[in-house]
Amino acid sequence: MTSSTSNFEQLRLDGVTRRFGPPDTPAALSELDLTIERGEFIALLGPSGCGKSTALNCLAGLLPLTAGSIWQDDRRVDTLPPEKRGFGMVFQNYALFPHLTVRDNIAFGLRMRNLPKSDVQRRTTEAIEMVQLTEHTSKLPGQLSGGQQQRVAIARATVLEPSLVLMDEPLSNLDAKLRLEMRTEIRRLHQSLGLTTVYVTHDQEEALSMADRLVVMRQGKVQQIGTPEEVHTKPSTWHVADFMGYRNLLPLKASQLNGDQVTVDLGGTAIRGAAQGPVAPGDDVIAAVRPEDVKLADQGVKGLVEVVEYQGRERAVEVVLDGGVQDGVAQDPVRLHVRTERRVEAGEQVALTVTPGRLLVYPS
Amino acid sequence: MSATWQHRLAERGVDRRLWLLLPATIFVLLLFVYPFLYGLSLSFQPTQGGGVLANYDKFFGDAYQRDTIATTLKIALPAALLNVLAAVPIAFRLRGRFRGKRLLTTILVVPITLGTVLTAQGLLNYLGPTGWLNRVLLSLHIVDNPIRLTNNYWGVFFSLVITGFPFAFLLVLSYLSGIDPTLERAAATLGASRAQRFRRITLPLLAPGLATTFLLTFVLAFSVFPSAVLVGNPAGSTRVISLAAYQAAYEQYDYSYASAIAMVMGAVELVVVAIVLVWRSRLYTGSTGGKG
């Protein structure tokens, strides 16, 4: 370990808060508590403006905290300037130095540490080989493709063997195919170099496939922290569910309660779901279910096919259910997103069933 | 004209929009190219005869005239350099958004609107032998005799800084805002201190802009005339080359000789411009990542 900061066992964020503006404005990042273990891959996930990039910049030292502290084992680091923290960072637009060659970009951090020339030379060459840019060492960043620039950015941030690597949506400027390749690449680097990584993204698929743990955020607050599987199968709130691909979020009424089993009325049919919070009979609830967990069947909830999108193996179908009549008032029709392999057409009458146990009921 | 011809010309950028260049072309021909060529040919037709190059022989043969080149360079080069160097830290501090930026920028830029004569008057009032500065220094007994800051080299120098700095500042500010601020942040996360970030990232990206800024303020300063007369010492230490040309044209009525001096003046400027541009061409001049 030649970097100026020693590696850590635990990185602890303690009530990290950042506000842009006077104290009465809502915080961009509100009291984030998070403990990162050495070697972990953490994804900060959420829609734009949720505070995930703010959190990353606070970690990097590019934004001062309004409140809270950051600890590297028992050393406080939030008072250090970015150049003293020894964290590597990959920026969304890569932020490569346009006037320096690929080699000089990657060697920059090593030179700043005043390492012997031979060391700089050797480690830079290793890093260039690792990201497979050997043929491009003397090019300027402007002469590289997006994917190559991305690899330079990763090599530049990791060549210092930093105790923590921060990545701010590094794949968002790449095309879909390259993004998939780079995902694997980053995960492979993380494992082979034994890095600790905090990765910011708004792409749930990216987060699920790469991270050991997910931190889902919304409006500056943490909604859920858990493994990809936990967050994917048991979102803690309907906002998280919305973000994790539960496209059907239906405002319904709870009718019966039996343990944590709730019965809701969907298009005139009683359907059972799992309560994800305090729910009482008669409450307005939000029922969440993924399109792939709603099946076309011979009998079940009746509806009318409105839109069909062909998506290769499957079709994404939008079905309108009759909202029915409640207390003498006609209710708004309910729309359900369904995925099916069956060939259906707009205007067709269909029946739907929900896979048992896959309907989650949240208090609204 | 057939349709295929039109397509072929359009591919090479020839179409009816080219007519839009006409007014500017006429303007340049009438107001720049023609007077320049006229002056050039006039300079080769000496009033007193003596061959094509007689005027140039006369200028370079006379030390009193020849020295105006050095005198002008001695004022213009340091003034332009100071303007650029002073503009960098101030622009560096003022980039980005903050409250009162517009007001501060306006205050810094106001001297452009003043004009040389008003600046000269201000300088005389403030820095002159009986100006405020000297009166304060005398009454505090810091000096026994008024210090001379006008009607000599320094008067012209200050005047050039006051009128040239706003230009330099505006240019440097726009070059600086064209540099992506994330680059410096990236350098910081790689362990570069504030000084190293400036030296390794910002300065190399800014340097071509500084060269251009230096040239523009230099050219402005090199043609200094009113302040050399008003706050300088036009008979001695600030006898600049434009003054020599003026005297030839309007005191001796020798337009031919005056044209020759003007040509020498242009040539000296071109030499400085060429040197700086050669240096600039060796710098990185591509994208700097910003929005500017």
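In case you wondered, yes, glycine gets a Cβ from its N, Cα and C as well.
Between the listed ranges B:104-124, B:230-250, TrEMBL ties the annotation transmembrane segment to B:104-124. Using a Cβ-Cβ cut-off under 8 Å and counting only residues 6 or more beyond its ends in the same chain, the transmembrane segment (B:257-279) has close neighbours at 39-40, 42-43, 46-47, 55-56, 58-59, 65, 69, 72-73, 77, 211, 214-215, 218-219, 222-223, 241-242, 244-246, 248-249. A Cβ distance under 8 Å defines the sequence-distant neighbours of the transmembrane segment (B:153-176), meaning residues of its chain 6+ beyond its ends; these are 74-76, 78-80, 82-84, 86-88, 90-92, 94-95, 105, 108-112, 114, 116, 119-120, 123, 127, 202, 206, 209-210, 212-213, 216-217, 220-221, 224, 227-228, 230-233, 237-238, 240, 292.
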